[in-house]
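Colleague: First the structure, then my questions, so here it is.
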Amino acid sequence: MSLRDVYVIGGNRIPFARSGGKYLKASNQDMLTAVIDGLVARYGLAGERLGEVAAGAVIKHARDFNLTREAVLGSHLSPETPAYDVQQACGTGLETAILVANKISLGQIDSGLAGGSDTTSDAPLALNDELRQTLMQANYAKTPQQRIKALAKIRPNQLVPEQPRNAEPRTGLSMGEHMAITTKEWGISREAQDELTVNSHHNLAAAYDRGFFDDLVTPYLGLTRDQNLRPDSSVEKLATLKPVFGKGEGATMTAGNSTPLSDGASMVLLSSKEWADEHKLTPLARFVDGEASAVDYVHGKEGLLMAPPYAIARLLKRNNLTLQDFDFYEIHEAFASTVLCHLAAMEDAEFCKTRLGLDEPLGAIDRSKLNVNGSSLAAGHPFAATGGRIVATLAKMLHEKGSGRGLISICAAGGQGVVAILEATSEDNK
Amino acid sequence: MTRTIELRSAPALGQVFAKAAATGPMRKGRTLPDLEVVRRGVRIDQGALAAYDQVCGFPVTHLVPATYLHVLVFPLQVTLMADKEFPFPLVGSVHLSNTITQHRRVDAHETLDLAVRIENLRPHHRGAQADLIGEARVGDELVWEDRSTYLFRGQKVDGQAAPRTEDPEPPSGPGVVWPLAADLGRRYAAVSGDVNPIHMHPLTAKAFGFPTTIVHGMWTKARMLAAVDNRLPEAFTITVDFKKPVLIPSKVRFTAAETDGRWQLGLVNAGKGSVHALGSVIPAS
């Protein structure tokens, strides 16, 4: 079986809202449906049967077990389009793109949508675990006496629902607390973090101003731009914020240089060249390759969010590329310090030798090529929606430039990382 | 000459209903007023639209369901029927049928001009019936039309009522069963503003001669549209005839069948099978 080239035809997302903001009434299914319908309208896909739709949400209600399929059934796509859910924490969106791209490459399908949605405003509250067990016991009771006995165990304190926590199950530490440890290890300064944050806001605002997102973002529920975006952000203003993660002198991570909880959804349309030609659509970029990695953060061997450099090293080797062979770097800003830790680690000879097994360090990148149209610190980060946002943004950047190559890197909970390479199409490269 | 009432904002429907109820017994006449009620520059409140979407089963998006525009013209309809020149009492009137033509999808960011008039007064075997015509425009473009046929029970007008015709059977098949909660009328009232007492509580419904609370006809229509809306083209006409009030709480069965883009819709009682509503969707040619 021969492999085919895979193309990013386009993308769509809704502006990202701050948690408890404009999307309080929207569910993941609503947002995914809206994003799919936006793509359907933009690319004339009404009633079309696509190869598949892969998407997911990190925080999901039990009733959303078939979230993506339900969104497809509520959309203007053909109801005969299959769909499935994927969950790889913040790597979800990019992982779905890799999955769909692989199937297209193998010739199993010709087209597909990949993406994700997340909301912290419509998050599931679970029954207190003890109460849930009591109710299950009562449910399975055979006699009324057994049932009464089971129900008699309910205590008022069990009526408080369990809220989903942004914490690692195995360490009990929040992502920010984990990141604070790594930030300190790599000696990342507060100033460097705030500077990266300001760049993210300024770059995203400038991209909106020049209309870059006009065909990538569909307004939703009264939002036309990301709610978290602060075009007037400055290092001076950010310097006034108190650290929220880490303790004492070395604490550098604030609410400003960390991504806020947010709501939103994104999708990208991928296809073979033949499918794009048949539909008279111009591909934005070629989806070259992807790689995932994971590290043992549980016992402190590696930082929770330090997996991406491992994936980057393997991906570069497989594609015979160096870290400097790129025109754009899209490194997801979970926290400003995450990006800076990755960059520091990839420049560090010791880290690259002992951890990545490389003779030479991956080296430094040209910082003017990093997140040039802003990233998660400014846009917000609805976990599963970030991959689709970045793939669509980078694909359009490559199409605008008409040549070159871009690297995507996304860190994820559970000590994971998902990375990918996109390239300008051969027509663009001519 | 046509008289025009221009509303500057959405009227408080509770007050208009109260006025209509109080003046109902004094009303007389056999002709419709040459009256138009308009409201210009209407902006859609996205939060209110989202709440409507949730009660009726539409996905929460920036697109405006065809039936939501009916919610926006409904206060204009009530204002017209509460006008002093209107010959029949509003309270006790029955919504028999509703036809909506969507010329194109309306986006929630658009500004609308709405107008309502009444025409086509004719006899019905249980009284008199007339059509309230609603229109929505974006600038000069007519984007949406609504024809709501109302029965005014016991009212007399000249002429002979059209003979009763046999209803078609609702589409067959297992369809989908929708359990309807007892508070559905209150929930739809909250998102539509239609606080007619027959939809609010068993006691107030009984006071108007119903065995218990009945659900709004336009909720029924909205829910039926929501079940097929994403399969429809941009421009279509949907008609729903309301055959028998839906008492709540209850379970209803929705069935649909499509041939060459045309849809037949049915809503029956899930237990007894009695027909609540029959509908059709015809794409614009």
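Including glycine, each Cβ sits where the backbone N, Cα and C put it.
Quick paste from TrEMBL:
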- A:6-273: domain 'Thiolase N-terminal' (DOMAIN)
- A:Cys90: active site, acyl-thioester intermediate (ACT_SITE)
- A:282-423: domain 'Thiolase C-terminal' (DOMAIN)
- A:His381: active site, proton acceptor (ACT_SITE)
- A:Cys411: active site, proton acceptor (ACT_SITE)
Colleague: For the C-alpha pair, I'd like the distance in angstrom between A:Cys411 (active site, proton acceptor) and A:Cys90 (active site, acyl-thioester intermediate), rounded off.
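Modeller: Here the two Cα atoms are 7 Å apart.
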Colleague: Using the alpha carbons only, what distance in Å do you get between the residue listed as 'active site, acyl-thioester intermediate' and A:His381 (active site, proton acceptor) once rounded?
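Modeller: With the alpha carbons as reference points, the distance is 9 Å.
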Colleague: Could you tally the C-beta atoms, other than its own, that fall within 10 angstroms of the C-beta of A:Cys411 (active site, proton acceptor)?
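Modeller: For A:Cys411 (active site, proton acceptor), the count of other Cβ atoms within 10 Å is 32.
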Colleague: Per DSSP, what is the residue count of the domain 'Thiolase C-terminal' (A:282-423) in each of helix, strand and coil?
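Modeller: Computed counts for the domain 'Thiolase C-terminal' (A:282-423) are 55 helix, 32 strand, 55 coil.
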Colleague: Specify the count of other C-beta atoms within 10 Å of the C-beta of A:His381 (active site, proton acceptor).
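Modeller: If we count other Cβ atoms within 10 Å of A:His381 (active site, proton acceptor), we arrive at 26.
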Colleague: Return one of helix, strand or coil for A:Cys90 (active site, acyl-thioester intermediate), based on DSSP.
Modeller: strand
